[in-house]
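Quick look at what TrEMBL annotates:
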| type | residues | note |
| --- | --- | --- |
| COMPBIAS | 194-207 | compositional bias 'Polar residues' |
| DOMAIN | 35-82 | domain 'Phorbol-ester/DAG-type' |
| DOMAIN | 97-148 | domain 'Phorbol-ester/DAG-type' |
| DOMAIN | 306-405 | domain 'Ras-associating' |
| DOMAIN | 495-632 | domain 'DAGKc' |
| REGION | 185-207 | region 'Disordered' |
Amino acid sequence: FISTVCNFMSHEKCLKNVKIPCSCIAPSLVRVPVAHCFGPPGHYKRKFCTVCRKSLESPAFRCEVCELHVHTDCILFACSDCRQCHQDGHLDHDTYHHHWREGNLSSSARCEFCKKTCGSSEVLSGMRCEWCGILAHAACYVIVTPECTFGRLRNMILPPNCVQLFSRNFSKLHCFRISENMQTESDEDDDVDGSTQGSTKDIQISTDSSKQTLKIFDGNDAVKRNQFRLISVPRIAKNEEVVEAALRAYYINDDQQEYELQTFTQQVLLSDDVINRNDAAEDSNLGSVFRESVPEAWIIRAKPKDEEVIRIYPAWLKVGMAYVSLRVNKDSTVQTVIKEVLPLLGRQTECLQNFKLVEVLMGSKQVQRMVLDNQELILNRLKDIRKTSIRQMNQTRFYIVENSKSVVQVNLFVGGLPPQLSPEEYTNILKEELAIKTNVVSVSHVYQAQGAVVLQISCFSEAERIYMLVKDTVVNDKPLNAVVIPAVMASKIPRNCCPLLVFVNPKSGGLKGRDLLYSFRKLLNPHQVFELTNGGPLPGFHTFSKVPSFRVLVCGGDGTVGWVLGALEEIRHKLVCSEPSVAILPLGTGNDLGRVLRWGAGYSGEDPYSILVSVDEADDVLMDRWTILLDAEEPAEGAENGIAEPEPPKIVQMNNYCGLGIDAELSLDFHHAREEEPGKFNSRFHNKGVYVKVGLQKISHTRNLHKDIKLQVDQHEVELPSIEGLIFINIPSWGSGADLWGSESDNRFEKPRIDDGLLEVVGVTGVVHMGQVQGGFRSGIRIAQGSYFRVTLLKPIPVQVDGEPWIQAPGQIIISAAGPKVHMLKKSKQKQKK
């Protein structure tokens with residue numbers, strides 16, 4: 001058997017065991033309506049559409065938060081059944097039930113209960129809970145207890161009932177801070193428009209003369225947008241058969257006696273009355289084979305009724321009672337409905353004025369709520385919805401809601417402002433640039449060092465206006481950026497829960513960051529995953545500032561890790577958990593820190609779930625950080641009228657190593673090459689090739705760096721041998737995994753550790769020597785070990801710190817230990833898997 005609505009197939013002998021609901025009743029099964037978050041369309045191989053159950057060949061949409069995949073022309077029929085990741089003041093509750101999503105599992109997936117395979121790459125099969133990841137057959141998942149405990153990652157997930165976000169008019173992409181310009185794998189020139197394609201891919205326009213193809217609209221809205229679906233019916237079909245085929249095309253399972261087809265003429269839009277043309281004309285049109293005057297386009301219209309039964313859902317989630325059914329007639333108003341419903345819900349003693357009836361349209365992209373006027377006639381309202389769109393009627397619910405004084409509070413993080421101003425000055429800048437209304441907007445937090453503020457806004461339209469305006473505002477030649485931030489209710493977080501704050505740099509190492517962002521949003525709560533290109537690390541730390549204990553995972557190269565650690569250092573005093581441990585998922589080219597902490601040389605597509613498990617099991621270690629003070633004595637060139645101000649001292653934080661001379665020079669050349677053609681630098685292998693090429697051009701250099709610099713270690717002058725590069729190392733890995741210090745023991749120096757409060761100083765004699773170190777044939781020349789260094793530069797010299805190179809003017813460089821040591825997570829040695 002095959003379902004005529006959603007293409008579900010079953011053997012005859014299996015029909016009695018079918019537990020899967022058809023797409024046409026999906027809206028009625030939604031517990032809490034939550035809209036999906038669709039990015040731009042892309043090509044997804046071996047995935048199936050949740051609505052029509054067919055495979056996705058053409059560009060299709062996927063939800064960024066749950067596993068929903070749909071065709072572009074099925075997207076209208078998906079309903080808002082995304083997982084609820086935060087409380088938005090509408091239907092909040094503290095117990096979480098499994099959030100089942102069907103299909104698109106790997107073919108090796110096994111059912112938790114009968115241990116047989118439940119995934120498939122041929123059809124949509126198997127169920128998965130989107131919170132705890134438990135897998136089951138459609139027949140087995142019914143026996144699972146409904147409460148979800150969030151599975152293996154429960155201690156890392158930010159529990160959804162602890163997150164609050166009022167997001168009425170913000171699109172889902174803004175709420176989860178997902179950048180909209182994501183390049184998907186699709187060819188960008190496919191201009192996908194869900195309108196006119198209808199379901200042409202299902203029905204080839206039949207050349208068979210006994211069939212005819214009709215365009216079907218489901219109401220005035222579809223006519224205005226020219227969104228129709230095609231059906232193919234026999235030319236001698238009866239009226240009922242055509243009506244039934246039209247309803248099936250719109251995923252509607254109602255009795256076709258209640259609907260009729262009306263010819264599509266332009267006057268439909270002009271006069272809004274439903275033209276009740278009795279069956280006579282339609283029958284004569286459809287009844288005969290030989291008439292050529294059959295109109296091509298029809299509109300489905302509901303026949304008017306004198307009474308019907310509607311469902312009213314209570315907005316307070318009372319378990320065991322999803323809704324009450326109520327018969328309404330043509331005199332029923334919203335007020336009489338409220339009056340009849342309250343006794344059925346056990347609230348008969350309460351005053352009618354305390355309640356309102358809300359109409360909720362559960363569209364896949366947006367949940368729209370509208371409070372109905374007390375005097376409105378219910379049947380008229382139903383008639384209007386059906387006239388607009390029969391499909392929307394199927395996705396509409398009525399909720400009875402208590403009138404409560406709802407407090408609106410939207411938090412906006414605004415960055416990119418000039419640093420080190422007072423709160424009043426920031427408020428004035430915002431007044432000038434954004435014309436903020438101070439009666440609804442207040443500045444709740446100020447981050448002076450970073451030039452950022454957090455605004456609390458108590459009006460949706462003002463929040464939306466500011467958000468859109470910030471994107472086009474420039475202050476002191478710097479563009480501002482705005483991020484919508486959820487409020488984390490720290491008091492609700494369970495005692496043993498230590499949520500993971502994830503930062504991903506989508507630009508690092510071969511652009512693998514995009515897929516990781518998507519996977520981590522799926523495995524955790526999307527509110528704990530931050531994209532570093534969208535406002536940097538600060539919005540993430542601010543969101544978690546009240547969380548009593550959390551850990552951090554940074555996905556990016558060494559530069560990204562340094563950026564996050566630097567931000568953490570600056571904001572540490574404002575965090576309740578001031579020393580969170582940091583784990584690394586290496587995405588860059590070098591990843592020396594990642595190697596030392598056993599996270600590997602670079603991400604090569606491991607399963608993101610197992611990465612999170614190893615972060616959960618990782619060991620806490622301490623690591624030194626160093627402050628480098630660069631004080632140029634000579635003024636910068638190009639100063640006006642010869643009287644030059646010396647440059648102010650520059651302070652840089654260092655985690656891994658700092659190089660002077662040849663090492664920094666290569667890094668600088670590579671940097672310039674990458675800035676000229678960033679598009680070419682999307683694979684680690686190519687990046688390394690450029691390093692080699694740059695190095696070959698430098699082989700004939702003369703060794704006289706030791707004449708241009710002086711080195712003092714712990715107040716003692718140190719004689720430098722004949723070298724071309726001087727490198728200070730904090731971790732036993734340099735330039736993509738080479739051991740520069742070497743492993744043999746030495747009486748002069750202690751064995752290096754990352755938390756001993758000492759830096760090792762090593763010299764290299766040139767490119768060839770560096771190459772030999774990289775190959776593991778030699779180590780560098782050991783020069784010194786200490787905790788306080790002063791380097792005097794006698795001429796401009798290239799310098800690099802953790803892979804960021806520049807040319808430093810003559811002057812002093814002082815390296816000393818920075819504040820407290822940072823807590824890092826080191827991957828624990830894994831037991832052999834069976």
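Backbone N, Cα and C atoms are what each Cβ position is placed from, and that goes for glycine too.
No curator has checked TrEMBL annotations; they are predicted automatically.
Confidence annotation: the domain 'Ras-associating' (306-405) carries a mean pLDDT of 86 in the model. Residues in the domain 'Ras-associating' (306-405) partition by DSSP class (helix H, G, I; strand E, B; coil) as 30 helix, 36 strand, 34 coil. Sorting the domain 'DAGKc' (495-632) by DSSP state (H, G, I as helix; E, B as strand; all else coil) yields 55 helix, 31 strand, 52 coil. Secondary structure of the domain 'Phorbol-ester/DAG-type' (97-148), assigned with DSSP and counted as helix (H, G, I), strand (E, B) and coil, comes to 3 helix, 12 strand, 37 coil. According to DSSP, the secondary structure content of the domain 'Phorbol-ester/DAG-type' (35-82) in residues is 3 helix, 12 strand, 33 coil.
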